[in-house]
Amino acid sequence: MGLKADSWIKKMSLEHGMISPFCEKQVGKNVISYGLSSYGYDIRVGSEFMLFDNKNALIDPKNFDPNNATKIDASKEGFFILPANAFALAHTIEYFKMPKDTLAICLGKSTYARCGIIVNVTPFEPEFEGYITIEISNTTNLPAKVYANEGIAQVVFLQGDEMCEQSYKDRGGKYQGQVGITLPKILK
């Protein structure tokens, strides 16, 4: 399995729509950086957030109650305040169409990590298509700003040594084609 370089990421995005919209260079002046890097792509977080609150006493991943989260639009302010020790969901500006022979791993940006903001995203499986739901945790005892439409995490692409027999699309992945923030689902 090989780590893919900027030239491959650029070609796959411009010729095959792997990342859209695609920024061919790293943008980083007066913003948290985003765009193409040497061996990855820095994704941006949109302006819509879902802040988890304590209206209900329990989070159940098998039976998630949407009332456990409050939708917040940060488009006007340009940022979202994540309360101390809080958790929120968001989504990428970029839409992904993963090749069948490629898996992507997403890692939080050091700018946020150094402020106690932890970003988690599960792997982008072969032939996954959709916007990416981003999990954001504030591990500090202080409120923190998360900037809308700026960098939030870096995606690295790993191409398999051989083609997988069954992709995410082939098995009807439950988050295939997701748009916006997608809450937990269980196939029934």
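Going from the start of the chain as shown, residues are counted 1 onward.
Each residue, glycine too, has its Cβ placed from N, Cα and C.
What Swiss-Prot says about this protein:
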ACT_SITE  Glu135  active site, proton donor/acceptor
BINDING   Lys109, Ser110, Thr111, Tyr112, Ala113, Arg114, Gln154, Tyr168, Gln178  dCTP binding site
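Features as recorded by Swiss-Prot, highlighted on the structure.
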residue : record                             : contacts (Cβ under 8 Å, 6+ apart)
Lys109  : dCTP binding site                  : Ile32, Ser33, Asp42, Val119, Gly151, Ile152, Ala153, Gln154
Thr111  : dCTP binding site                  : Ile32, Ser33, Gly151
Ala113  : dCTP binding site                  : Val119
Glu135  : active site, proton donor/acceptor : Phe87, Ala88, Leu89, Val119, Asn120, Val121
Gln178  : dCTP binding site                  : Gly130, Tyr131, Thr133
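Note on Gln154 (dCTP binding site): other Cβ atoms within 10 Å of its Cβ, all shown chains, come to 20. Taking every pair among Lys109, Ser110, Thr111, Tyr112, Ala113, Arg114, Gln154, Tyr168, Gln178, the residues recorded as binding dCTP, the greatest CA to CA distance is 33 Å. Following the DSSP three-state reduction, the secondary structure of Lys109 (dCTP binding site) is coil.
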